[in-house]
């Protein structure tokens, strides 16, 4: 069990609800993932669902904690307004804060992000800020009152994995008491393992499951990957060595010679 913004959870995998081939694929993938937290966008929720069933009705059946996001916002004002709508609509003070500053790589706009985070925290929100792995930006968000940081592993939807493990490792070292969740760029279960081996608290992903040939099966793979990575970190992995070291201690006389000489 772990604590995320006051909620006790078993799963360290958070899953998005966009881009699935159908509502059935989404529901099965979320079920297989074991996640207890799903992200949802205001714009996506207000659109009609597939197969005659509204998206919102499908989401309610999942019985997960909702993490609404401010996807599509490009300045603090828009993000704050969207967050207020989400709080009223979904009855939650959680908000995944996204303020995009570039169309090419969907990188967050740092100045507007910090501004929005500060205002939303003052208004009683629990802010989950989508940010880069920039140490100074993350420090400013913490100074603004963020107890959670969600740095990217790589640009959204790229599937490139962790493009700067050193920066992420530095964040873990510098913010030991902050909840760190990788958000964006994860493409393979092995990427999720790597995240958790760095000591991160969780992984949030969407595209890697939604666009897989078999979303439900991929969700299962990510479920096990996150567990394996976390257990590896908790178990204490051996340090790398520059030279070989025998795993079996050697003695002067082979054991079968010792037996024959008895």
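Including glycine, each Cβ sits where the backbone N, Cα and C put it.
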Same 1-deoxy-D-xylulose 5-phosphate site per Swiss-Prot - residue from 157, 199, 229 joining 184, 185, 206, 207:
157
Validating a neighbour-count step here. Other CB atoms within 10 A of the CB of residue 157 (1-deoxy-D-xylulose 5-phosphate binding site): how many?
17
Taking the center of the Cβ atoms of 157, 184, 185, 206, 207 at the recorded 1-deoxy-D-xylulose 5-phosphate site, which other residues in this chain have a Cβ no more than 8 Å from that point?
16, 154, 155, 156, 158, 159, 186, 187, 205, 208
